């Protein structure tokens, strides 16, 4: 993983953690080293599932368990 993140401007090349002052390295809710705002669609609705939204505090995209 160190080699995978070595060119990432958000990643400290020694620790592979976010650089000082940055929130995240990668993920569907990470953009330019910062968490996307809460309510940003990170996975659009498909089939019977509703949209999934960023929380604003994580780079992960939590699944919305609510069906249409």
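Our numbering is plain: 1 for the first residue shown, then up by one each step along the chain.
Glycine is treated like the rest: Cβ placed from N, Cα and C.
Quick look at what Swiss-Prot annotates:
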- 1-68: domain 'Disintegrin' (DOMAIN)
- 10-33: disulfide bond (DISULFID)
- 24-30: disulfide bond (DISULFID)
- 29-54: disulfide bond (DISULFID)
- 42-61: disulfide bond (DISULFID)
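Proximity to residue 10 (disulfide bond), judged by a C-alpha distance within 10 Å, picks out none of the disulfide-bonded residues 29, 42, 54, 61. In sequence order, 28, 29, 36, 52, 53, 54, 61 are the residues near residue 42 (disulfide bond), counting only same-chain partners six or more apart with C-beta under 8 A.
Between the disulfide-bonded residues 10, 30, 54, the minimum number of other C-beta atoms within 10 Å of a residue's C-beta occurs at 10. When the domain 'Disintegrin' (1-68) is classified with DSSP, helix, strand and coil residues number 4 helix, 14 strand, 50 coil.
The most densely surrounded of the disulfide-bonded residues 24, 29, 33, 61, judged by C-beta neighbours within 10 angstroms, is 29. Averaged over the domain 'Disintegrin' (1-68), the predicted model has a pLDDT of 85.
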